[in-house]
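Undergrad: Dropping the structure in here first, questions after.
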Amino acid sequence: MDGSGPFSCPICLEPLREPVTLPCGHNFCLACLGALWPHRSAGGTGGSGGPARCPLCQEPFPDGLQLRKNHTLSELLQLRQGSVPGPMSAPASGSTRGATPEPSAPSAPPPAPEPSAPCAPEQWPAGEEPVRCDACPEGAALPAALSCLSCLASFCSAHLAPHERSPALRGHRLVPPLRRLEESLCPRHLRPLERYCRVERVCLCEACATQDHRGHELVPLEQERALQEVEQSKVLSAAEDRMDELGAGIAQSRRTVALIKSAAVAERERVSQMFAEATATLQSFQNEVMGFIEEGEATMLGRSQGDLRRQEEQRSRLSKARHNLGQVPEADSVSFLQELLALRLALEEGCGPGPGPPRELSFTKSSQVVKAVRDTLISACASQWEQLRGLGSNEDGLQKLGSEDVESQDPDSTSLLESEAPRDYFLKFAYIVDLDSDTADKFLQLFGTKGVKRVLCPINYPESPTRFTHCEQVLGEGALDRGTYYWEVEIIEGWVSVGVMAEGFSPQEPYDRGRLGRNAHSCCLQWNGRGFSVWFCGLEAPLPHAFSPTVGVCLEYADHALAFYAVRDGKLSLLRRLKASRPRRSGALASPTDPFQSRLDSHFSGLFNHRLKPAFFLESVDAHLQIGPLKKSCITVLKRR
């Protein structure tokens, strides 16, 4: 009767509508059962007033059994109708006899292991809601003991009895209770996931196995799980190690973010203060210039206006005397002589020439002075802006940033960096170094991202523009700037050099100029089998220290310094700290008689004009080193911070 598929009603032979799951596990339409059971009670099997029975297996059920909709099966039916065309979307007709039966019909189940007997209700953790039986009355459902992937329902121990007694139900696959049964079904075919493809590493149903994965290595899920459980501890350990590394990286990134934010806030405050001072200086200069103009204007204007008044008064007197002379009668000789004398006296008062215009106005030079200041300011701003962006030379540009500020902020830190100090102090600046395989020379064999060894046979690495071609060297990933960084290296065997190299240094340089410390773009600490020495710009400075298998490197970018330490028993002993000496007030350098220090004084600061990378040179044929040991101890410190 159920030849049309497990998602069809055995009564109407159409796709299930409001599916109901009986305690025996069979599914029917709610309307079909409602129409069938009154008829069977009246005259069907069991006789009038007899118990209702399953139309398929004739399992009797007590009177008053409440029929409840199977919501999980209903959701699966909606998913199947919306995504996969098939028999469910086609209307039932009389020709269904010739249709291909659904492969996953309960009447022809795929081979499966022997079903286990119904078990006691699952013991659920405290506070977690157990999966309820789908066949129990609503509101009184017991915890499910098993879930049936064929019936798409979960059953308690009592309602699992039909799966034990009925031969048609014994082939159903029973699994521990599942809260979402659809997750154990193929989303494409809505069949139980029973196989595992090792080629594509996915779980499959039988239909997927026969259609899309022919020729692949397929195994039962239980077999693959048993195999994977053996590898589980290794995977968990690797995940834990990776999480520890990420934790260290996160701590370091957080320190970097905090450093950037605090540095930006402090720099903004300093810049704002300096701009305010510069603005105040310009405002004061403007007031002085404007006052000078006003003072010059008042002085010269007062003198010119006084001359103007005197000339106007003299002209007025001459005009009056001339007029009076013209009014004298011809017969009045006395008046004539008096008025003529008055006119002559008026002429004698201002017989000299009047003051001419000034040859030069002194305050008119103010604009020239201000223009010179403006041009100088514009030029200085443009030049310093180029220096700030890194477009100009460092010698005539910006001053070294923050050297005095760093020392004044934490005087104890400098003393720790220049003497013996506990290792925990440096772990605050721990930097996780990963070797960059794209830079490794062909005679270097990498072990993950932490180990490297020189070999005799070349390794066929892929071509890379950053790969060293003439020197057995390798760089670390990432470029360093604007901070303090610390990492450690274990010298396992051979001649090894450890240091830093400028990011833009060409890896195709010849052997004599491309080696670490043999140019102005790198510096290093070398162990040559007999003792330690430091190299920079082609000069070597031997160090009187015994061999230490673990070497610490501390890059102080803000202070333009690089320090090397011997790590023993949780303490660090300074081997050498490379830094340019400060010039004395007379202009002489601190150590003019030391050629190596003189070379540092003249060229070492230029190394910090670039971003720097950790660098490693394996000089002898048996050289071998390992990055570390910044492991659990370092991670613990970083996590505490």
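A Cβ is built for glycine as well, from the same backbone N, Cα and C atoms used for every other residue.
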Undergrad: Based on what Swiss-Prot says, identify which of Ser83, Ser393, Ser581, Ser598 is the phosphoserine one.
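TA: Looking at Swiss-Prot, the phosphoserine feature maps to Ser393.
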Undergrad: Which is it, of 181-221, 427-467, 509-549, that Swiss-Prot names as zinc finger?
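TA: Based on what Swiss-Prot states, zinc finger spans 181-221.
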Undergrad: Test of record reading: of Thr72, Thr364, Thr593, Thr636, which one does Swiss-Prot tag as phosphothreonine?
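TA: Looking at Swiss-Prot, the phosphothreonine feature maps to Thr72.
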Undergrad: Give me the non-local Cβ neighbours of Ser464 (phosphoserine): same chain, 6+ apart in sequence, Cβ-Cβ under 8 Å, ordered along the sequence.
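TA: Long-range Cβ contacts: Asp438, Thr439.
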Undergrad: Can you count the other CB atoms that lie within 10 A of the CB of Thr72 (phosphothreonine)?
TA: 20
Undergrad: Tell me, by DSSP, whether Ser464 (phosphoserine) is helix, strand or coil?
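TA: Going by the DSSP assignment, Ser464 (phosphoserine) belongs to neither helix nor strand, so it counts as coil.
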